[in-house]
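Visitor: Feature annotation from TrEMBL assigns transmembrane segment to 20-41, 106-126, 132-150, 202-225, 250-270, 298-318, 356-378, 384-400.
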Amino acid sequence: MGPFGFESTVGAAGPVLMQVGLLLFQILWSAPLALMTAELSCMIPLSGGHVLWIYRAFGPFWSFVNSCFAFTCSVLDNAVYAVLFVEFLSSLLYGDSHRISHAWSVVLRVLVIILITVLNIVGIRIIGVTALVLTVAVLSPFAAMLIWGLPRLNFKWIHGQTPQHIELGRFITMLLWNSSGFDGAGNIASEVESPASSYPRALAASVILIFAVYGLPSLIGVSILPDYNEWKRGAYMIAAKLIGGRTLQIWMGLSEVLSAVGLLLTRICINSRVIYGMSLVEQVPVFTWLHPRFGTPWISILTTSILTLLLAEFNFYSLAEADMMFYAMSTMLKFCALVQLRFTEPDAFRPFRIPVSRNILAVLTVVPIGLCLCMLYFASNRSQVIGIIGMIAAVLGYLLKELLPHYGKKAEEVVQQRVARVQQNIERMQQWIDLVTAKEFKIINTRASDITDCIEMSAAQSSTASFRPQNDSFKEALDSEC
């Protein structure tokens with residue numbers, strides 16, 4: 001919601017590289033993510049998203065490893081927005097002169113996460129309505145900034161200063177972080193009405209909207225603040241003050257706070273379904289329990305919220321960098337699953353299919369996978385160590401999960417039981433998919449029937465209306481002759 005958090009890309013590489021990078025990354029990164037999500041969410045329209053995609057493509061081991069990466073990434077991502085909420089509120093209340101104390105920041109984070117947790121348990125419908133209202137509220141000051149700032153639009157920044165030392169790692173990480181998240185939409189597929197028609201349209205619109213929401217305000221912003229040194233968190237508030245005075249600055253500050261709340265609200269909704277998806281294929285226990293009244297995975301939501309609160313003690317950039325480290329490793333597996341399923345299940349029902357052959361698709365995925373590798377390469381040494389530890393922990397976790405319950409049993413017997421169990425999970429997954437697909441076809445047929453009835457009714461009314469004047473005219477003529 002809004003381009004907040006995007007300011008550091010200008011500070012890291014200058015305004016020219018920011019605009020060029022934003023355009024290129026929409027084509028090379030955001031669009032492939034959206035297309036992948038659309039195809040796999042329509043093929044496997046179940047809550048749990050990529051946990052189930054990779055389970056179906058590669059089996060339980062890689063699905064478990066991906067789940068560990070994705071869940072770690074998700075709680076880090078949530079913690080980023082919890083941290084930003086307090087920082088944005090502090091900037092709104094005190095500017096740069098003072099910061100909210102640590103004690104109050106903890107209290108505020110606890111209160112906002114409790115509120116968001118309750119809304120998530122109540123259900124996805126209220127999340128959608130709240131997110132829509134918050135999106136309008138967040139984008140409104142940017143619309144005002146564009147209108148009032150348009151007369152001051154210029155391109156002097158093209159010939160302005162460029163950082164002597166470009167922070168390429170920070171630049172790529174922040175660009176990718178701000179252009180990601182499309183695949184998270186697949187985590188709530190079974191809770192979306194008509195996923196086959198909803199996902200392609202919504203994801204295509206999202207890619208275009210993200211480019212507009214990030215690109216246009218930044219274009220006005222660098223016209224007002226061409227010096228890249230001024231571009232850090234809070235730069236949009238400074239630009240807003242120069243364009244519309246104190247009123248627009250306060251409006252922009254309030255928008256920052258609402259943006260963090262809205263993103264935390266939607267991310268907890270989406271990310272809690274990761275651990276729920278893990279429980280559907282028996283990777284973790286208990287979390288399949290749904291709320292008896294609202295039908296939401298309330299234990300998953302509570303667990304995600306508690307971990308988010310614990311991780312919110314770290315600073316923004318450390319969280320964002322570690323977040324993207326695990327996200328990169330998970331995303332490589334998602335693109336591999338996309339290609340694998342095209343080869344292993346070429347005839348599976350796909351309401352939406354990326355319009356290229358499987359061989360061309362395999363070649364095209366090299367670009368986003370290459371960007372994932374760039375993220376891993378340019379990450380700080382600390383983040384790389386965290387990533388390696390996370391990978392080792394995921395592998396050991398899987399081995400312990402599989403071996404401990406079967407300690408003392410014959411290996412051959414255990415393997416046979418496990419293979420049979422995996423097959424049962426895949427068959428059960430297909431049964432769920434068939435139910436969702438049947439429900440969608442029923443909705444489509446009902447709508448088609450309603451449209452047909454309307455057409456027939458309109459045709460009947462039209463023919464009746466056209467017949468009556470002729471009948472009246474005939475009667476008048478007959479009366480006159482008599």
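Just so you know, glycine gets a Cβ as well, placed from its N, Cα and C.
Unlike curated entries, TrEMBL annotations are predicted automatically.
Each of these features: where is it, how hidden is it, and who are its neighbours?
Guide: Panel annotation: around the transmembrane segment (298-318), residues 5, 8, 74-76, 78-80, 82-84, 87, 109-110, 113, 116-117, 120-121, 170, 233, 264, 268-269, 271-273, 275-276, 279, 286-287, 289-291, 382 of the same chain, lying at least six beyond its termini, place a Cβ under 8 Å from a Cβ of the stretch.
With a cut-off of 8 Å between Cβ atoms, the residues of this chain six or more beyond the transmembrane segment (356-378) that come close are 25, 28-29, 32-33, 168-169, 172-173, 176, 324-325, 327-329, 331-332, 335-336, 338-339, 342-343, 346, 384, 387.
Long-range neighbours of the transmembrane segment (384-400) within the same chain, counting only residues 6 or more positions beyond its ends whose Cβ lies under 8 Å from a Cβ of the stretch, are 60-61, 64-65, 68-69, 72, 322, 325-326, 329, 376.
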